[in-house]
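Below: the structure, in structure tokens.
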Amino acid sequence: MDKKTIELYSGKYYITCAFGGVLACGLTHTFVTPLDLVKCRRQVDPKIYKGNFDGWKKIYRAEGFRGLYTGWVPTFIGYSFQGAAKYGFYE
């Protein structure tokens, strides 16, 4: 068998699918964490955050770039597990 192929339904196949799930779900959801952060803050305090761009601007000014990614660790971990399970066991 060629080195670049993975036997269907082998252990390596499931691990590769699970890793693909981590990349597909964990990283993409982490990348859009600022969108979710602004949405949640607008829901909690709509008088302070008038819109999405206003929310990003106010969070960036008050907390810096790192403030926009508040909560990225649980987002990455949770969606990575979900993606690994979904792609690793379902695919």
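Residue positions begin at 1 at the first shown residue.
Note that Cβ sites are derived from N, Cα and C of the backbone, with glycine treated the same way.
Because TrEMBL annotations are produced automatically, they should be read as predictions rather than curated entries.
From a predicted model like this one, the values you see are computed outputs, not experimental measurements.
The annotation repeat 'Solcar' is assigned in TrEMBL to 12-91. The feature transmembrane segment is assigned by TrEMBL to 12-32.
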>> Based on DSSP, tally up the residues of the repeat 'Solcar' (12-91) by helix, strand and coil.
In response: 68 helix, 0 strand, 12 coil
> So what's the mean pLDDT when you look at the repeat 'Solcar' (12-91)?
Replying inline: 96
